[in-house]
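Have a look at the structure below before the remarks.
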Amino acid sequence: MAKPYEFNWQKEVPSFLQEGAVFDRYEEESFVFEPNCLFKVDEFGFFLTWKSEGKEGQVLECSLINSIRLAAIPKDPKILAALESVGKSENDLEGRILCVCSGTDLVNIGFTYMVAENPEITKQWVEGLRSIIHNFRANNVSPMTCLKKHWMKLAFLTNTSGKIPVRSITRTFASGKTEKVIFQALKELGLPSGKNDEIEPAAFTYEKFYELTQKICPRTDIEDLFKKINGDKTDYLTVDQLVSFLNEHQRDPRLNEILFPFYDAKRAMQIIEMYEPDEELKKKGLISSDGFCRYLMSDENAPVFLDRLELYQEMDHPLAHYFISSSHNTYLTGRQFGGKSSVEMYRQVLLAGCRCVELDCWDGKGEDQEPIITHGKAMCTDILFKDVIQAIKETAFVTSEYPVILSFENHCSKYQQYQMSKYCEDLFGDLLLKQALESHPLEPGRLLPSPNDLKRKILIKNKRLKPEVEKKQLEALKSMMEAGESAAPASILEDDNEEEIESADQEEEAHPEYKFGNELSADDFSHKEAVANSVKKGLVTVEDEQAWMASYKYVGATTNIHPYLSTMINYAQPVKFQGFHVAEERNIHYNMSSFNESVGLGYLKTHAIEFVNYNKRQMSRIYPKGGRVDSSNYMPQIFWNAGCQMVSLNYQTPDLAMQLNQGKFEYNGSCGYLLKPDFMRRPDRTFDPFSETPVDGVIAATCSVQVISGQFLSDKKIGTYVEVDMYGLPTDTIRKEFRTRMVMNNGLNPVYNEESFVFRKVILPDLAVLRIAVYDDNNKLIGQRILPLDGLQAGYRHISLRNEGNKPLSLPTIFCNIVLKTYVPDGFGDIVDALSDPKKFLSITEKRADQLRAMGIETSDIADVPSDTSKNDKKGKANPAKANVTPQSSSELRPTTTAALGSGQEAKKGIELIPQVRIEDLKQMKAYLKHLKKQQKELNSLKKKHAKEHSTMQKLHCTQVDKIVAQYDKEKSTHEKILEKAMKKKGGSNCLEIKKETEIKIQTLTSDHKSKVKEIVAQHTKEWSEMINTHSAEEQEIRDLHLSQQCELLRKLLINAHEQQTQQLKLSHDRESKEMRAHQAKISMENSKAISQDKSIKNKAERERRVRELNSSNTKKFLEERKRLAMKQSKEMDQLKKVQLEHLEFLEKQNEQAKEMQQMVKLEAEMDRRPATVV
């Protein structure tokens, strides 16, 4: 159940304040003296009231009271005489006068003095009044409470007879209704209704006043909303209708459902019980339009989360992690040139929550040699330094306990610096932080202490001496003082240029002042008061001021620091800014630098991210540029976006910048410190304040504001209109675009009923603020309100307005409908809705099942069937095991490794489009075939040569064998012929011996012949075998050569093929990239055209913002697409190279196998070789 936040805005008012006491009252400026006034404070602490006999009742709003203090005895003789006349002599006044300081801004302060009967009463009332003022919670009460407050004010503003004049009531409603209508309404309520009538306070109850407001300015806007909720069917809302309204409209859908539960019937009944005035309806669980109106005007419907007004942030982070409310030239009440300086300004800004004030310190010119504070040589009046220190002491920790930083702009001599140091030490006492905390020593890399560590401490920001110089001078000072030399402080204080602070650490001029080209004389300074008065009275023309400004030049602060003052400087040591990289290298967290707004903007423009990172580590201070002599302010939001801590403003000027500042620092208990967002503190996060896309970890928001109506905007019959602006990051800032129509002649209850003003994309809600401002028909501001977006509540809300000084106005409110939700880019709405509420977005299958059920077919009747896959899926998934065991052809070049899944598969698909190369393909190439032909020709030529040599040797061998055979035959024939002749000659009987002898000779011849044949055959066999071996070797050699040439050629051809593949893939990639760019350009043009033709966009600025946002979104999207494409293409190229490498390795392996095969053939041939010859 949603729980209501208990807003305890009321402070306990002491009983003696409620009972009252008699004081004599006077005012010094206009000489008002009113004796015997009965002063009281109401039970709620809204008003300090007083009334004396025969006088009208008077009130002073406690929200306008800045301080209560004891006052000195007046010096005005008239006042002293008046007090003497009522029996209070000057000698009796000590400790009996209290001063009430009040005002609607920080400059125009009024002082009311109250003289008590005795000092005890004065002391009691000072403490009592101090306990109830500065109630920042009471500045955020609901419209219903504001109505009650106004009713109480009317009851206090009685006439001399103690009754309420009807005229004072008519003034409340004078802006929209005629007096007759008001008189008639009073008559209907049974109250006196004549123009000059009076009403008894007892008869004028709050309920009567509330009914009167409803009669004179009925809330038709809430009535219309009421009818819209119940469908205009009844005069009440049921519990269910109220719950539905609360959850759908009054609750931010982005909130965590556990921490911020939805409303339920029980909570709705609590609301009805609390706000429904009709008891009968309460019993029935119904709420009327009057009860509904009361609820919408209650604290439960505050426009901001009221707990954000408390101290809700962690205060234990380093100082550099906070925005710090800071003032520039705090002492000035007006212009920078010829302006008036005031001690009171220090009190007012500190009481307003400021935590960093500026003191421009100069040597006093009087005989007393007292240091003064003034805007150096800019013709401003002077105030005493010690008076300022006293004022700071009295007010530093009244509204906030967190540390105050005194930003010294030190132009004093060493002697007067010593006086300044002693004043700080003596007046501040333990409040002054003179030494660094033990837990946070002044060492590089050590974090700054937190606001909690420095509670109720005052820090001085001033240049500091080098440690060795400081130590040396302190020792000299100590020894001289111990020696009893009265002039010791003065002697050590003499300015010397030898021991100044390190030049590298001199601060870039933190606050440039003016001086004439020639030094001013004492006479020049004696005229400062007169010049200031002349400027104030308008006697000095703009031309004179410009001429004076032109003759001035800047004077820097002194670098010759007194060692005693130097010892008081710790966590705010200004140094000259030498660059972000230098600061990062030094890593000294207690060093800080100041930048005027122009320099700051320059660094922000060129080094935005570095500036943010610098501010994570150490502090920076921004101050207005010198040209702002009118004390106008720059826009602080720009520097908050960069994480700058001390964004110093001219508090005396309640312009837009100051309104933003005060509206922002109203959060976190108005303590003056706001914790920066997480990504602006963490060193591991990078933040660009000019980013146009959501920050990592931060959810962008959409905010729409519908301005419905206004209430009690003015007591005059004037026209009014409302402006709604947003300030934040440059991309989130929208100003001067959204304004309602002018409603004429009705300052009481104008109804605007405008269409919603939509801030479509707020990328950093943590830094954004909403500003709602009401102007009259002369464009004069009536009221405004600053609402930080991170604490804004959704729904129908009444927004109470503030004046330009951020003081609450009594009754003026704006009734708005605020819608907050997570930003969803165009085109993603359905997806987000489906994710946030899946029930509303059933799947197609579920929808079809519902449709079938509607036709009478039950779910049980529907069989589950396998999902059908596409042919491509089947191809990719069919028989994976079988595919893995299929043998590869030895001639195919395929990768042997398994490709990675996901993007690897995608890359693989890409290269599959490139034709694959096989060995067969390479062998069919023309170059390879030509080379084979050439090799075959060489081999044939060799074989032909070998055949010729075979034939020649064969003929030679045959001839030699034939010759031996012929010689054998011849010799054998000769022996046979000799035998035949001998036989014929001697006869057969006498030839036996000759025959025998002849046979022996023939045998010998045959034997010799065989021996010769055997020798010649052996010789021939040897010659033939050698020739065959030689021929075989030559043929094998040429075959080996040919094989090597073939392998090398195949390798070259494969490399060429790979180069062609690579080139082809590159061309494919270039074509893809070109097509993507063309497609992206087309999309960009179409989107821009759609925006230009979108009739729902009604102003040029919104259209330009949409186009800018679109371009930023498209740029990011397109870069991502190109990045993904580049990654895909890179993977494809890597995959191709991998496959090509595998192909090449495979070819090398095949070539090695071929060579091994060749060697085996050669070895087999050698093993099979036998001696041979040709016969």
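We number each residue from 1, going along the chain as drawn.
Glycine residues also receive a Cβ, built from the backbone N, Cα and C atoms like all the rest.
Between the listed residues T653, T886, Swiss-Prot assigns phosphothreonine to T886, with no corresponding entry for the rest in that record. Looking at the stretches 995-1023, 1082-1110, the one that Swiss-Prot records under the feature region 'Disordered' is 1082-1110. Within the listed segments 175-200, 487-512, 513-538, 669-694, Swiss-Prot records region 'Disordered' for the stretch 487-512. Secondary structure by DSSP for the compositional bias 'Basic and acidic residues' (1095-1109): 10 helix, 0 strand, 5 coil. Residue counts of the domain 'C2' (684-809) by helix, strand and coil are 6 helix, 60 strand, 60 coil (DSSP-based).
Remote same-chain partners of the compositional bias 'Basic and acidic residues' (1095-1109), defined as residues 6 or more beyond its termini with a Cβ less than 8 Å from a stretch Cβ, comprise 692, 731, 734, 737, 760-761, 1088.
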